[in-house]
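Student: Have a look at this one.
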Amino acid sequence: MKRCQSSRPTAAVAAVVAAVSMIIVLVSGTAIPSAAAAAAVEHTFVVSQVNMTHLCKEMAFTVVNGQLPGPTIEVTEGDSVTVHVVNKSPYNLTIHWHGVYQLLNCWNDGVPMITQRPIQPNHNFTYRFNVAGQEGTLWWHAHDAFLRGTVHGALIIRPRHGAASYPFPRPHREVPIIIGEWWEKDLPQVDRNMTNGYFDDYSSGSTINGKLGDLFNCSGVLEDGYVLDVEPGKTYLLRIINAALFSEYFLKIAGHRFTVVASDANYLTPYSTDVVVIAPGETLDAIVVADAPPSGRYYIAAQPIQAPPPDTQTPEYATRGTLQYSSNSRNSSAAAMPEMPHQHDTMRSFYFRGNLTAGARLHRHGRRRVPARADESLFVTLGLGSVCRHGGASCKRGGNLKESIVVANVNNVSFHIPAAAATPILEAHYYHRLHAGAGEEEEELAERPPRAYNYTDQALTPFGPEEMRLEATSRAVVTRRFRHGATVDVVFQSTAMLQGDSNPMHLHGHDVFLLAQGIGIYDAARDEGKFNLVNPPRKNTVLVPNLGWAAVRFVADNPGAWLMHCHFEFHLSMGMAAVFIVEDGPTVDTSLPPPPEDF
């Protein structure tokens with residue numbers, strides 16, 4: 001059958017990138033040094049709309065430099081990075097550097113109305129940050145209006161002393177694998193719909209490195225799929241990123257196994273498995289040895305995961321690429337398909353994560369061990385509720401969309417992003433202003449929800465009388481302040497209100513230690529004894545299991561205003577977020593500097 005080829009950057013877009021890059025280099029007066037000797041890495045991101053045709057439909061998509069996924073940023077630990085963003089799209093946006101510590105550099109975290117005002121159409125903005133003390137796979141993405149569905153790319157940090165210093169055999173080649181979704185919709189409109197309580201929008205497919213694969217077709221013409229060429233006996237490091245807006249995925253390669261060696265740019269004790277599980281926002285580094293018969297072709301399959309009925313079922317689409325041996329690249333025989341876990345096998349995800357522990361090189365770059373105890377603790381429920389439309393104080397709740405809006409919440413408060421006319425939260429904090437802006441209501445994230453209930457009772461629903469028995473959700477700019485250097489425990493508790501959703505919770509500006517996870521309701525007297533205080537994995541994104549909990553510990557040692565949120569994009573739009581404000585320490589070296597001069 002014929003195949004539908006993926007789109008390529010247009011000549012016009014390439015010309016714009018080249019021209020803008022040349023202008024920036026001339027203005028700055030700095031040449032870009034060679035990769036071998038470079039301490040400074042410089043990129044230009046031109047954000048624009050390009051037409052792409054898939055599934056028999058041509059649409060304009062917002063991308064960077066005319067490509068999907070966007071450019072890969074490759075750096076060495078200790079390098080400085082400069083990225084000039086030229087916004088030629090019709091949308092406001094920012095770029096977030098997912099997982100980068102941004103130590104004493106919160107101004108460059110890239111979150112609209114938290115750390116900066118968004119970059120408006122036909123405006124430019126320059127991000128500057130260092131990648132000190134980190135090695136591994138991170139990524140970058142837009143942080144506004146669902147645009148990260150097409151505005152994203154890999155950020156790879158290699159060891160300062162080269163690939164020979166990896167704590168695993170040096171790979172023959174390193175390969176980014178980005179799992180995403182294909183949307184036949186205007187993504188900012190999807191964001192507006194969900195912010196207003198309407199949930200009828202779903203993706204049309206899943207992708208591997210921007211390609212839908214041969215499970216999809218247009219009038220019988222198969223979609224182009226990603227192809228990984230390998231050499232027999234060689235070792236490959238797959239840098240896997242879940243850039244999807246909605247779904248956790250199983251990833252499996254027929255006839256091959258993975259050795260998972262890192263997650264979220266933190267080394268792990270090597271873990272051998274035939275399937276990896278990855279949630280939105282997470283990264284995994286996995287070694288694959290090309291040791292299958294080279295005469296064969298092997299599918300690389302990615303399958304979304306969702307909780308089984310009676311939880312809400314949504315359209316989910318698997319995708320697949322192909323692993324083939326270079327000595328047999330002309331082989332057109334049928335590829336072998338791996339036997340995939342069932343899409344409802346959420347416990348497979350739970351046990352996969354339970355097998356991950358920190359590697360022996362955790363403490364490289366002076367990273368601290370997990371503190372033995374916490375200075376303060378939060379118990380944070382993740383749920384749904386409703387607020388009255390049009391700012392009303394009283395309305396019929398329980399799914400009456402004419403009077404109320406279904407929102408997501410943390411401890412029964414739904415996060416409201418400050419309006420564009422307000423002052424960004426970081427700026428308000430730095431200049432000691434009490435509020436994020438005129439007319440913006442702030443509320444402190446409480447240590448616990450306002451009322452305890454049976455959080456995992458599956459009779460609970462946000463669309464009926466049970467929801468109406470709970471307190472009405474409030475909507476505010478939700479913040480929580482921490483003393484510099486405080487050790488903080490957070491237990492995230494999933495609730496049945498979420499209708500089967502797990503929750504990948506991401507904290508900006510910090511890694512957290514994943515101490516434990518469980519199914520059911522967290523009980524401190526019973527569950528604190530399960531905390532791993534020896535070798536817990538370090539993460540920037542932690543999946544809270546469906547009808548379960550996850551306990552994390554972090555040290556609030558990076559001053560600034562850091563967003564904490566669910567990385568399911570619709571949960572963020574609906575309000576499952578808060579801002580963790582870390583106060584300055586006692587010295588200049590522990591205090592946030594003023595904003596950059598050109599900020």
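The backbone N, Cα and C atoms fix where each Cβ goes, glycine too.
Keep in mind it's a predicted model, so treat the numbers as computed, not measured.
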Student: Out of His567, His571, which one does Swiss-Prot list together with His98, His141 for Cu cation 2?
Tutor: His567
Student: Where Swiss-Prot shows Cys566, His571, Met576 binding Cu cation 4, which of Asn412, Asn454, Asn503 is named for the same site?
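Tutor: Looking through Asn412, Asn454, Asn503, the residue Swiss-Prot assigns to the Cu cation 4 site is Asn503.
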Student: The Cu cation 3 site in Swiss-Prot lists His143, His508. Which one of His84, His172, His565 belongs there according to the record?
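Tutor: Among the candidates, Swiss-Prot records only His565 at this Cu cation 3 site.
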Student: Of Asn87, Asn193, which one does Swiss-Prot label N-linked glycosylation site?
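Tutor: The candidate carrying the N-linked glycosylation site note in Swiss-Prot is Asn193.
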Student: In sequence order, which residues at least six apart in the same chain have a CB under 8 Å from the CB of His96 (Cu cation 1 binding site)?
Tutor: Asp109, Gly110, Val111, Trp140, His141, Ala142, His143, His508
Student: So which other residues, same chain and not among His98, His141, His567, have a Cβ within 8 Å of the centroid of the Cβ atoms at the Cu cation 2 site?
Tutor: His96, Trp139, His143, Arg148, His152, Ala243, Pro280, Gly281, His506, Thr541
Student: Consider the recorded positions Asn51, Asn92, Asn355, His506, Met576 and say which one has the Cα lying nearest the Cα of His567 (Cu cation 2 binding site).
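Tutor: Comparing Cα positions, the candidate nearest His567 (Cu cation 2 binding site) turns out to be His506.
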Student: Which is it, of His506, His508: the one of these binding-site residues whose Cβ has the most other Cβ atoms within 10 Å?
Tutor: His508
Student: Per DSSP, Asn92 (N-linked glycosylation site) is which: helix, strand or coil?
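Tutor: Coil, per DSSP.
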Student: Quick one: which residues besides Asn503, Cys566, His571, Met576 have a Cβ within 8 Å of the Cu cation 4 site's Cβ centroid, in sequence order?
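Tutor: My list of surrounding residues reads Leu382, Ala408, Asp501, Pro504, Met505, His565, His567, Phe568, Leu572, Met574, Ala577.
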